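This report refers to the structure that appears directly beneath it.
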Amino acid sequence: MAANTATPPSDRRFLIFFDFDETIVDESSDDVVVQAAPGQNLPNWLKDTYRPGHYNEYMQRVLAYLGEKGVTESAIRSVIEKIPASPGMLALFQFLRHRPPQDFEVVLVSDANTFFIESWLRRVGARQLFVRIFTNPATFDKDGRLVLRPFHSHSCPRCPDNMCKQVVVRDYVLRRTQERGRPFQRVFYVGDGANDFCPSLILGPRDIAFARRDYPMHRLITEIHEARPGEFKAVTVPWTSGEDVVERLRKHAEEK
């Protein structure tokens, strides 16, 4: 599901993608929502239903369980809103908000869900920063249960069955380039996980992969550099704080 449908202005110089879990926020929202469960824990029979590559299906069952136990929309929102931002991330948002409007087009690509992401962004006042949010749809049904659905299906062997971020990023960049009649000067991608490595593979030599230091995305990029030099095209900038990203973005924003 992509929130916002109006075409963004075509005068932006740069395009920047953000992941959500453990990038914008410092924890996994899927893990945090368990705090809303009775006893802040899930029963073992439910945990045992998880299968690798099918996390979205597992989370559908987790949210159904919360609904059956009478966990309310406000209780779920409350635990999600309390997730801390990653270090320096709010400063990075502040930087992007205060740049001239023609600098950055900001997009979010996440394997979380619409309810978690919208709730958190609205709490910190950052929702308006993002022109698009690509994530798994999640809405409350008439019985007050949060119903999660997969974002799409794809054929990428690297990614979970419900979302390949490379497909999302590639299609978005292509569509926006056609709508604008020209490419962006640079594309940036800020992430942390293995599913953020996949989209970073299609970035070009002028683009930047901001990989959270010592997280899976960073490790996978390091491995590909060592195993197949030259295959990974983008410049890699490891980050531990959003301030590291600000520093690099400021440098490129001053380019003409």
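Backbone N, Cα and C atoms are what each Cβ position is placed from, and that goes for glycine too.
Pulled from TrEMBL:
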type	residues	note
ACT_SITE	ASP19	active site, nucleophile
BINDING	ASP19, ASP21, ASP192	Mg(2+) binding site
ACT_SITE	ASP21	active site, proton donor
BINDING	ASP30, ASP111	substrate binding site
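With ASP30 (substrate binding site) as the anchor, the candidate recorded positions are ASP19, ASP21, ASP192, and the one with the nearest CA is ASP21. A Cβ within 8 Å of the Cβ centre of ASP19, ASP21, ASP192, the residues given for Mg(2+), is found for these other residues of the same chain: PHE20, GLU22, THR23, ILE24, SER110, GLY191, GLY193, ASP196, ARG212. Here the Cα atom of ASP19 (active site, nucleophile) is found 8 Å from that of ASP192 (Mg(2+) binding site). Cα of ASP111 (substrate binding site) to Cα of ASP192 (Mg(2+) binding site): a distance of 12 Å.
Counting every protein chain shown, the number of other Cβ atoms lying within 10 Å of the Cβ of ASP30 (substrate binding site) is 19. Other Cβ atoms within 10 Å of the Cβ of ASP111 (substrate binding site), summed over all protein chains shown, number 26. Sequence-distant neighbours of ASP192 (Mg(2+) binding site) (same chain, 6+ apart, CB under 8 A from its CB) are ASP19, ASP21, GLU22, THR23, ALA211, ARG212, TYR215, PRO216, MET217, HIS218.
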